[in-house]
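*Asks:* Here it is, the structure in full.
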């Protein structure tokens, strides 16, 4: 009689899968579920880490939604940054990908554009500060040489936001370009040959063939850019610190300051949950769009 | 005798420090092993707590070596956390060595925490049960630390010593609700700092003593390039993430008008008072009238010789010296330009002890020693802290130290004189950091011309009173 692999009866507990999964489960429990659960608990409390949390119910949310004008300003700034990445950054990445897809030395170009991604974000912030300094920056010095007074890139609220968005787009450009390049590379060259034989021009081919066929990549880049823009703050912290006068203060930075400068862990957790909810909604949109594409 | 409940905190809780201070900790370990009250599973405790396989042979050797030794007992370790680098704190570290020699039962470890992360590190270390014994507290953190029971009350004799020996305004900086919580160490005061070379070039022979005088001098000094950008600014604000470069001059002007920032019990803010609004207007008018702008930064541009005047604290002396070099002799420190009744703002750090310290008696003794003449490196010299402040170019409000240090240089003397009767302590209000952030942002908005002073300060007052209402 042959020996069965598993001699236990049906319904008997199977330990092996759990045993192999246990490192992951323990890791997730300690570094994901516990902090998330604790953060959720904190949203209902007032807590500076010096003392014990005090239960305040929904007051933190009430304050953020009804009394904290700065919170709404930061949300607006957050959407501006995320919007900049999508509406300026993504088309720019796509355009560059289309250009470099058929250019010579594409590997070199790809590396050059990807370089910011492997550079320390604080170093990047300082380099751009150096370039954009209102009085001594290379940009305004250069403009001065041709008799132009450049804008106050970092001390005027509007220009500071422009600067931040430009730098973020520059930072993300290479990464998104790679995604588009990979998508374009995956297209069948025969389709392009057929289009050329039919007399389609370059822009027409791009508009009518390339763009529709790389739609999944565009959805992916759109959604990831939006999520990145909504949650990212390191560059802004190092480059402008949210200033001038809160003009570049995004929600993630605002809640960081709330938690670690003002020691308002409860309110910062509530702000984090609100931001999390917004990003979660976007993620759902992403899944739906991708699902529509699949069907 | 009951088994000891734990080893010294630097052994149990700071594995990263083991290698750095191995020799002193070996001594500590030795004392534990030779003490009749030791736990028998000492080596196991260490192994588990330090959490590294590589530690075991080291610890085994340490324990073995310790048993074989009969060195003098050391039964307590005092951990000191300050924001000074080891180089800056050299006189203090030497002082700790002398203290250890004089007190064989006590060892002192020094931990440098960055100023920027100091409070957060303290919070984290307390949550983890690794709090240092002695803090160097910035006065605006004090209210929060006291409110949450972080600081221990100081012994009466030490409190009396502080009240008798330190300038009144500085004692206030370490006082919350009438209770003194530590010994003041570094003091900073704001004064008008002028580059007289630029002022003289513009026909101004003396630093201004009134706001009108400052405006005239600033206007005379300011020059612009072809694109209309300021080349030499008559006046400049300092750019800092905390907003201190704007808020502290505002405090100095408001104090000079006889106005406090808060009511005595901190339940109300006076930011909407006539004096407060007028101070905001005065600062804003400097930009509106073209004597400076927000692209000019006193921190960078004054040492570069591009600014005529700034309201700045004494601690910036070394940067100015370094930047101006030989031209430093043109720098003059003078009163806040607010007339005869001028006042200024000071803030201080003070050495306090953690309320949870299990060696609080020794910790207070270390604080007392480091700040008293007993710790002087030579007869008649200043205390260790006084010596360290002097080497840093910082101020101390310790009268005995100031007497021992002799006459200060021309740059420092006006700051020191202001400490005696002109300097008012930065308010020790709860959530001070958050409140000052709001004040800075509002002032910045007014100064940038994006809001009128009166309504902006009224809004600010409401926001600040909202915070005060939570705590007072």
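Just so you know, glycine gets a Cβ as well, placed from its N, Cα and C.
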*Asks:* TrEMBL lists transmembrane segment for one of the ranges A:57-78, A:79-100; which is that range?
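*Replies:* Residues A:79-100 are the ones TrEMBL records as transmembrane segment.
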*Asks:* Checking feature assignment: transmembrane segment per TrEMBL, candidates A:153-171, A:172-190, A:191-209. Which range matches?
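*Replies:* That would be A:153-171, the stretch labelled transmembrane segment in TrEMBL.
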*Asks:* Are there residues at least 6 beyond the ends of the transmembrane segment (A:153-171) whose Cβ is under 8 Å from a Cβ of it, and what are they?
*Replies:* 77, 80-81, 84-85, 88-89, 92, 116-117, 121, 124-125, 128-129, 132-134, 137, 139-140, 229, 232, 235-236, 239-240, 243-245, 247-248
*Asks:* For the transmembrane segment (A:268-290), which partner among A:20-44, A:79-100, A:112-131, A:217-239 gives the most CB pairs under 8 Å?
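*Replies:* Looking at each of A:20-44, A:79-100, A:112-131, A:217-239 in turn, the most contacts to the transmembrane segment (A:268-290) are made by A:217-239.
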*Asks:* Looking only at residues six or more beyond either end of the transmembrane segment (A:112-131), which have a C-beta under 8 A from one in the stretch?
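*Replies:* 96, 137-139, 154, 163, 167, 170-171, 173-175, 177-178, 234-235, 238-239.
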